[in-house]
Amino acid sequence: MAMLSRHHQFSTDSGDGAIQSEICGPSFLHYAERIDDGDTVIVYVSFDSLYPVVVKRGQTVSMRYGALRHEFIIGKPWGSRVSATAGYVWLLRPSSELWTRCLPKRTQIIYTPDIGMILQMLDVKPGSVICESGTGSGSLTHALGMAVYPSGHIYTHDIEESRIRKIEEEFRDHGLHTVITAMVQNVCEEGFFVQNACDGVFLDVPAPWEAIPYAAAAISFKRGGRLVSFSPCIEQVQRTCAVMRAMGFINVETVEIVNRTYRTTEFHKQSLADFEKNGDNTTVVVKDRNRKRKLEHSVSSANSDDSALWNSTVINAQVFPATQPTHTSYITHATMLPRPDQADML
């Protein structure tokens, strides 16, 4: 086991110039105005259809709206609308949230609502040192890496070597390899790569109670830290909470996030007088702003009595999209206070 200090690997003493030189590469942290060769681009087709593309000259991305050559992407400003062979798409700057929506799924992943809560419960910030297990498809790992940049570090563990090798390639493509170290290791049997160094530990394993003693050893004795466990079954939660308390963790709490998104639709309704005069044949659902503008124009050319038809507007909220994937699980979090007496024994 390695023993590291809080700023074990990164330093900002050289000033903003050194940080900026590291940012100006093909990565999720690339803030140039235009897309460059080697950048990761999220090609947005629709709400539920996004394509992650590493831009390379000579290659082509195929999708629902036809094909798009990478040469037509390079040099475009972020957010541009471009024409593929069968329709328009948008070129979006990558973020951890967009990556979660379109990443190659090698395992079940953690979605954005849970990720937001996990980041808060771990108290992640630039400079934090966090241990994660397991890595899976890297959804949470990307969010953690971007949150601790530039002076922190993420140590992520998984028992499957093929997943680790693939996720290492993605970290290099996205420029996150400088703040994320991935390793093949069973934390329930071998513990974590570091000891007495972490500000927080995250567990997404079948038997988290087996890893809790190792998590306590990984958390800094002098600073203390946070522990968060993600489990789908309440029986796992009950056993995990018992072991957390036995190992000296305090403020043990469990929450569940159930996320749902909506869209609003405007209904323009006629008055009772117009209903009696014209019948129920003029109620309109406005699906988009262009349609609404056309309707308002037609109303303005009508007589004043008929225009009263459009004076009543109802806003209706609907669940959208109808199917909303989310991994509903229980998030159990706790705090380990500083243990100076144990630190003095090292």
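Including glycine, each Cβ sits where the backbone N, Cα and C put it.
Not measured: the values here are computed from a predicted model.
According to TrEMBL, the protein has these features:
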BINDING   SER137, GLY138, SER139, LEU140, ASP158, ASP204  S-adenosyl-L-methionine binding site
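Neighbour counts of Cβ atoms within 10 Å were taken for the binding-site residues SER137, GLY138, SER139, LEU140, ASP204; the minimum is at SER137. Highlighted in sequence order, THR107, ILE109, ILE110, GLU132, GLY134, THR135, GLY136, THR141, THR156, ILE167 have their Cβ within 8 Å of the centre of the Cβ atoms of SER137, GLY138, SER139, LEU140, ASP158, ASP204, the residues recorded for S-adenosyl-L-methionine, and are not part of that set.
The 10 Å shell around the Cβ of ASP158 (S-adenosyl-L-methionine binding site) contains 25 further Cβ atoms across the protein chains shown.
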